[in-house]
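Below you'll find the structure, written out as structure tokens, and then a few comments.
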Amino acid sequence: MEALGDLLAPHSELIAKVAGTITTLQFLSGVVLMNDIRKKGSSDVYPVGPFLFGVVLTILSLKLANIMNDAAMINTNLIGLVINFVFLFGFYYYASSASRSKIWKQIGYSSVFLLVITAYANFEDPAKIEFRLGMLITGILVWMVGSPLLHLPKIIEKKSTEGMPFPIIFAGNLVALSWTLYAISIKNTVMVLQNLLLLVLGGIQLSMFAIYPNKPAAKKPKDSKKDK
């Protein structure tokens, strides 16, 4: 990795700009998923996690950006927060009554979590909270990328990736790859390992799309009894 780091080091600033641009575009990857939901007229088959976690993640990232006084990070996450709120509203709009109650429950849990973390960040030593909040954000990213794998047995059983948000998963892999290259260029081992983990989790999910179709397999009609 040292040799690759030396090779990428002169281009670290350019790589950072590309990674930032891809991250911003990732926020818009949910447009394709929302269009599929609109066509189906229901969001029940999809998990609300990507949009809800997107809101949580951008709020926490905004808090971290304020602590770091990083203007570029603040602007990127403000855009991401607005986009994820719009997507979350659209997801809720197309949800059934039964699913809406579950969504509200998840929103409630997420709100309490954000209040606790924000209150802690306001009272903790800024030098300590920067590292701890960064690790927390990494944990949420790992959960966001890896959570669809909880449905892996069901996917194998149905032989279908229906319900898996391909655009979001694919965009997430591009983001992880770009930040991995940047981390290598600045020789930040922790950041390299974090993004490599995200790449592995995302790669497993992408392999499911290569193995199974996005539509459920057609059920074979039962053999009709022949007339005697």
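Here, residue 1 is simply the first one shown, and the rest follow in order.
Backbone N, Cα and C atoms are what each Cβ position is placed from, and that goes for glycine too.
Caution: TrEMBL annotation is automatic and unverified by curators.
As recorded in TrEMBL:
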{"type": "TRANSMEM", "residues": "14-33", "note": "transmembrane segment"}
{"type": "TRANSMEM", "residues": "45-65", "note": "transmembrane segment"}
{"type": "TRANSMEM", "residues": "71-95", "note": "transmembrane segment"}
{"type": "TRANSMEM", "residues": "107-123", "note": "transmembrane segment"}
{"type": "TRANSMEM", "residues": "129-152", "note": "transmembrane segment"}
{"type": "TRANSMEM", "residues": "164-186", "note": "transmembrane segment"}
{"type": "TRANSMEM", "residues": "192-212", "note": "transmembrane segment"}
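Of the candidate ranges 14-33, 45-65, 71-95, 14-33 has the most C-beta pairs within less than 8 angstroms of the transmembrane segment (164-186). Remark: the transmembrane segment (45-65) contacts the transmembrane segment (129-152), by the rule of 3 or more CB pairs under 8 A. With pairs at least 6 apart in sequence, the transmembrane segment (129-152) and the transmembrane segment (107-123) have 3 or more Cβ pairs within the 8 Å limit; the two touch.
Distant neighbours of the transmembrane segment (129-152): 47, 49-50, 53-54, 56-57, 60-61, 63-64, 67-68, 117, 120-121, 163-165, 169, 172, 176, 194, 197-198, 201-202, 204-205, 208; these residues of the same chain sit at least 6 beyond its ends, with a Cβ under 8 Å from one of its Cβ atoms.
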